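Now, the feature entries from TrEMBL:
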| type | residues | note |
| --- | --- | --- |
| TRANSMEM | 12-31 | transmembrane segment |
| TRANSMEM | 51-68 | transmembrane segment |
| TRANSMEM | 80-100 | transmembrane segment |
| TRANSMEM | 112-131 | transmembrane segment |
| TRANSMEM | 143-163 | transmembrane segment |
| TRANSMEM | 169-186 | transmembrane segment |
| TRANSMEM | 193-213 | transmembrane segment |
| TRANSMEM | 288-309 | transmembrane segment |
| TRANSMEM | 318-342 | transmembrane segment |
| TRANSMEM | 354-375 | transmembrane segment |
Amino acid sequence: MIRQKLAYLDKWLLVPYIILLTLSIIMVYSASSYMAVANEGNPYDFLRKQVLFVILGIILMFISAMMNTKYWQDMRLIKIAAGVIFILLVVVFFMAPINGARRWIPLGFMNLQPAELAKLFTVWYFSYILSQKEHKTSEFKEFAQSMIAPTALLVVMAFIIWLQPDTGTPITIAIVSYTMVVMSGIPLKKGFIMGAIGTGLILSAYNILYFFGHYIPGFSGSYGHGRFLAVRYPFKLMQSEGLQLVNSYQALANGGLTGVGISASIQKTGYLPEAHTDFILSIIGEELGLVTIIGIILCMMVIISRIYIIGIRSHESFYYFMCMGIGMLFFIQVCLNLGAVSGVLPITGVPFPFLSYGGSSLLMSSLSIGMVLNIRIRYRLSQHSQEGAA
């Protein structure tokens, strides 16, 4: 059975996944070596950890691809996961801050970021809830009332994460859960209206905070307001809030179309903070050029589109929602990271999937890929058994 499952692993998912992991190892080393020498006296400090994260991620991906999926739809397990995540989210407030935020729990070999677990939990939880309420979607009022409690749970979770402070994860949770509801089979007209309202609210909120943030009590002068000011006046604030963005611009300008060459980045030598994490795309652009960034985006497009295809082909609503949610999860993270690096959106601290340094993000992303592979294997095994019966 294991051999048969391995034969049904989706190459359209695996190949870009492996390409991105390989590039991650190379570029995390290149982007972090200067800082690693300055801080630890060892250029391989971050490289060793990233290699470990990649190995653990691949193992986790294969485990989730081969496991029995009946556990995914066990509400008792979902409740346990929710309890553990809430406990971890509270525990982070007692941890020492890193870069002004309390988001991580030190585990020795890595810093666990519970917010990354919360993202995948959102997809898992809403997939279960929506699949159980599938028959109610035609009665929109009844469906909306039944979604109040699940939505309240995610709102509380997102609020706790926002207090860390972390704006990227609450935004991701909100958009992913909202999109999954719109895709749940509710009447087309109401789905279109909900989509239009959601898009309008996001755009309105962004423009209000962008243009009138300094007039809003409590927001003016806050951590979040500084991020919006950095987008609006990056060069005016290049010694403070605009530091990362200006150096990101410089890195991308240095790289041009084909880059200055591997390990030849200037901006990673103390100019661009978080060069190996949130801004690794800037260093990739500087060293390997715009061509490589386009290639990375294409890899993510293949992964996301393949996830959607697998979800659409799935015969069970739970697996359909899992794929829709995971695909949207990757899409939102790519958009937020690209937007921050290019200055189109405020910096939210969202890493680029599979590329940025960090164990929590890489492990959860790999787990997500494994779950989608498992769904595809189920579909192919079902297809094979039907052909055999015929």
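Cβ coordinates come from backbone N, Cα and C, glycine included.
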Would the transmembrane segment (354-375) count as touching the transmembrane segment (51-68), i.e. at least 3 C-beta pairs under 8 angstroms with sequence separation of 6+?
yes
Could you tell me whether the transmembrane segment (12-31) and the transmembrane segment (143-163) have 3+ CB pairs under 8 A, leaving out pairs under 6 positions apart?
no
Can you work out which residues elsewhere in the same chain, 6+ from the ends of the transmembrane segment (112-131), have a Cβ less than 8 Å from its Cβ atoms?
72-73, 75, 78, 81-82, 85, 88-89, 91-92, 103-106, 147, 150, 153-154, 157-158, 161, 164, 166, 169, 172-173, 176-177, 180-181, 184, 316-322, 325-326, 329, 358-361, 363-364, 367-368
Can you tell me which recorded stretch out of 12-31, 169-186, 193-213, 288-309, 318-342 has the most Cβ pairs within less than 8 Å of the transmembrane segment (354-375)?
12-31
Ranked by Cβ pairs within a distance under 8 Å of the transmembrane segment (318-342), the first of 12-31, 169-186, 288-309 is 169-186
The transmembrane segment (169-186): which same-chain residues, six or more beyond its ends, come within Cβ distance under 8 Å?
115-116, 118-119, 122-123, 126-127, 130, 133-134, 137-138, 140, 143, 147, 151, 154, 157-159, 161-162, 194-195, 198, 202, 321, 324-325, 328-329, 332-333, 336, 348, 350
Taking a Cβ cut-off under 8 Å, which residues six or more beyond the ends of the transmembrane segment (12-31) line up next to it in the same chain?
43-44, 46-47, 50-51, 54, 57-58, 61, 262-263, 265, 268, 275-276, 280, 283-284, 287, 296, 299-300, 302-303, 306-307, 310, 353-357, 362, 366, 369, 372-373, 376
